[in-house]
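Below you'll find the structure, written out as structure tokens, and then a few comments.
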Amino acid sequence: MQWAAGRRWAWITLFLTIVAVLIQAVWLWLGTQSFVFQREEIAQLARQYAGLDHELAFSRLIVELRRLHPGHVLPDEELQWVFVNAGGWMGAMCLLHASLSEYVLLFGTALGSHGHSGRYWAEISDTIISGTFHQWREGTTKSEVYYPGETVVHGPGEATAVEWGPNTWMVEYGRGVIPSTLAFALSDTIFSTQDFLTLFYTLRAYARGLRLELTTYLFGQDS
């Protein structure tokens, strides 16, 4: 019995060591990355259009992002609004840019929704265009509410309760280990709604973003 218990603890120690090394390797990798976008840049652009009709704001934002970052924003024919079910909430997103370490997307809900934010190996920031964003941070007993023009920052490893009012729309920027965020983003789609067409749309959008980044890297922004 003692031998079995010792072996079990050895495996646990080995597992925790591997996880610690992996986490350290990931953060070292992120430290070497050259990023296309900056959090404050996205927030500042979004604030310019806060309070406008969200469709008008989004169209102007896309034009400006393409001007500032040619070759890094998906073309109109590849932009698609896709449902997202995760953490008990439901919204919709339109992916503009995606790589292994960054993404930019439009997000929101026409009806309102609430649930768990998820924990990520990434920092995620949302700048509100319209509506309200309620956030209840872990370890606190009071929630905060954010309005158009304000930015909500969700740090790596953090978890919150989130609630969006009807017709809440925002611009979201994520930086970190982006593939790791897909596990949460797709969890309810796979295990609850079983909406596999939405699963396909989501993976296709991410694949398109990766393809665009690879093409721009290999052949330049005019390819």
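Cβ atoms are placed via backbone N, Cα and C, with glycine included.
Taking Swiss-Prot as the reference, the stretch among 43-50, 91-98, 99-106 described by the feature region 'Important for ligand-binding' is residues 99-106. Long-range Cβ contacts of the region 'Important for ligand-binding' (99-106) within its own chain (Cβ-Cβ under 8 Å, at least 6 residues beyond either end) map to 30, 33, 35-37, 42, 58, 61, 65, 73, 93, 169-179, 209-210, 213. Among the recorded sites ASP126, GLU172, the residue whose Cβ has the fewest other Cβ atoms within 10 Å is GLU172. DSSP assigns GLU172 (site 'Important for ligand binding') to a strand.
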